[in-house]
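Peer 1: Just passing along the structure, written as structure tokens.
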Amino acid sequence: MQVPRVKLLMGSGAMFVFAIIYGWVIFPKILKFMISKQVTLKPGSDVRELWSNTPFPLHFYIYVFNVTNPDEVSEGAKPRLQEVGPFVFDEWKDKYDLEDDVVEDTVSFTMRNTFIFNPKESLPLTGEEEIILPHPIMLPGGISVQREKAAMMELVSKGLSIVFPNAKAFLKAKFMDLFFRGINVDCSSEEFSAKALCTVFYTGEVKQAKQVNQTHFLFSFMGQANHSDSGRFTVCRGVKNNKKLGKVVKFADEPEQDIWPDGECNNFVGTDSTVFAPGLKKEDGLWAFTPDLCRSLGAYYQHKSSYHGMPSMRYTLDLGDIRADEKLHCFCEDPEDLDTCPPKGTMNLAACVGGPLMASMPHFYLGDPKLVADVDGLNPNEKDHAVYIDFELMSGTPFQAAKRLQFNLDMEPVEGIEPMKNLPKLILPMFWVEEGVQLNKTYTNLVKYTLFLGLKINSVLRWSLITFSLVGLMFSAYLFYHKSDSLDINSILKDNNKVDDVASTKEPMPPANPMQSSTVHPVQLPNTLIPGTNPATNPATHLKMEHRERY
């Protein structure tokens, strides 16, 4: 078969160009287009079903800081903390009352989180352990009144002594009572000061309190948030513009917040954290709005990672240094006065939750060193306390993530309330939580066999084509070099076969300078056996000796 050198050159060159264009340009665009059509929140799509009703629970961990020297701290001593945890819960997420707006390409929904205690994963903890924490009503209430309504201090102090008789600055209670079942708030007194204090419970200003009858309430950190409305979102469906998939456009039916003194901090940036757009660039970061903080937070790319053998990108985030970052000054009480900004690595939640609470990373990780030095018992480190996400950019899939956040009391002495008048001024850690997810193989295989299998096939195909084209180009160069018009493949194969035949039948060549040799006639030896041997024949009968010339 004759292959003209010009055709061989053109064919090999065309194959090379096709491999480059198809493998690195056309195929990626086709794949991205297919993903963009599949990954939307359009009713009836698989992504919509997974997004609205997460078919598996997230892991929710609670770590509590037990104060081991409460009486000394009440007199101004340095707090000694003992971390107790994790108390493990299964967190189920679902969205209900979904309303689609086809024109705006949005969907509105109400988010609901349900926490179910996991006794097996919590062992040896049971949830009935007694914990000592700052009094969750007296301390935040007293500090808030001193800062904002000092004229009412005497009335509030008297009311607290009636509603919480003999109360101290620190409360000892079971974990489940503090966080879910609730501690009792008795508003049955007819005293004016007690009634005035209880007004904030009856009007719903204390969001963590649940009314059980006409005169009693139960207060807990998370009980009211369990299996209840946690906010109504409106997000983009991504049908018309896939890059906007999941983007929050409204929360509580408002296009922006009215919490912070500057408008920029009130904007919604990113998604609701349960879905992300595919095809993001790693330098864009992963942004999500967090209602608990009344703020959007962004995670930034750190390095490449892998999950179950699939490549991913590791993202991390922190709360930053509000004082040092001009773009974050709107989170200060007064953006013009930097002294009102919280310390590095913390965020003041007073405007968001209505109390003297501060958010931070667990153990004040990446925070001001003074925060760690003010208390005993903290050990900040990246492994246990950093926030991270392992994310696959092309499909927009988070493979695993750990969202960690610590809640602290911005504590100070309160002269008007006897149990609080000698408290030290510092930021006291109370507890921290971790919301984690690790996709199992059922869901990672969806990505593996729809995305990575296609990428692998494309990689094999393009490199195979490139290899064949390079071989063709080398043969073409050979023909042009030898000025041959064509390549006779049959002749080459025939010549190769001839070479193989000659190589297999060729006799071995004699030595260059052969020496004469003679066989010495065997000498008859006595038939004697050596103990331990049993030769079949006498070796001397096969002995050959070289005949050497004497000089």
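Just so you know, glycine gets a Cβ as well, placed from its N, Cα and C.
The disulfide bond feature in Swiss-Prot is assigned to Cys265-Cys330, Cys294-Cys352, Cys332-Cys341. According to Swiss-Prot, the N-linked glycosylation site annotation covers Asn66, Asn213, Asn226, Asn440. Taken from Swiss-Prot, the feature topological domain 'Cytoplasmic' covers 1-7, 481-551, and the record attributes it to sequence analysis. Residues or ranges marked as topological domain 'Extracellular' by Swiss-Prot: 29-459. Sequence annotations record features per position, and here Swiss-Prot assigns transmembrane segment to 8-28, 460-480 based on sequence analysis.
Tell me about the setting of these features in this model.
Peer 2: Sequence-distant contacts of Cys330 (disulfide bond), defined by Cβ-Cβ distance under 8 angstroms and a gap of at least six in the same chain, are Trp260, Pro261, Asp262, Gly263, Glu264, Cys265.
Its Cβ taken as reference, Cys352 (disulfide bond) is surrounded by 20 other Cβ atoms within 10 Å in the chains shown. Under the three-state DSSP scheme, Cys352 (disulfide bond) falls in the helix class.
Cβ contacts within 10 Å of Cys332 (disulfide bond), excluding its own Cβ and spanning all protein chains shown: 21.
Counting only same-chain residues at least 6 apart in sequence, those with a Cβ under 8 Å from the Cβ of Asn66 (N-linked glycosylation site) are Leu81, Gln82, Glu83, Val84, Ile131, Ile132, Leu133.
Within the same chain, no residue at least 6 positions away from Asn213 (N-linked glycosylation site) has a Cβ under 8 Å from its Cβ.
A C-beta separation below 8 Å, combined with a sequence spacing of at least six in one chain, links Asn226 (N-linked glycosylation site) to Asn113, Thr114, Phe115, Phe180.
DSSP assigns Asn440 (N-linked glycosylation site) to coil in the three-state reduction, placing it in neither a helix nor a strand. For Asn440 (N-linked glycosylation site), the Cβ neighbour count at a 10 Å cut-off comes to 9, with all displayed protein chains included.
If you take every residue in the topological domain 'Cytoplasmic' (1-7) and average the pLDDT, you get 62.
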Peer 1: What Cα-Cα separation, expressed in whole Å, is found between Cys294 (disulfide bond) and Cys341 (disulfide bond)?
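Peer 2: Cα of Cys294 (disulfide bond) to Cα of Cys341 (disulfide bond) measures 16 Å after rounding.
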Peer 1: When DSSP is mapped onto helix/strand/coil, what comes out for Asn213 (N-linked glycosylation site)?
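Peer 2: Asn213 (N-linked glycosylation site) sits in coil per DSSP, no helix or strand.
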Peer 1: What's the CA-CA gap between Asn440 (N-linked glycosylation site) and Cys352 (disulfide bond) in angstrom, rounded?
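Peer 2: That separation, Cα to Cα, works out to 36 Å.
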Peer 1: For Cys265 (disulfide bond), which of the three DSSP-derived states applies: helix, strand, or coil?
Peer 2: helix
Peer 1: In Å, rounded, how far does the Cα of Cys332 (disulfide bond) sit from the Cα of Cys352 (disulfide bond)?
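Peer 2: With the alpha carbons as reference points, the distance is 12 Å.
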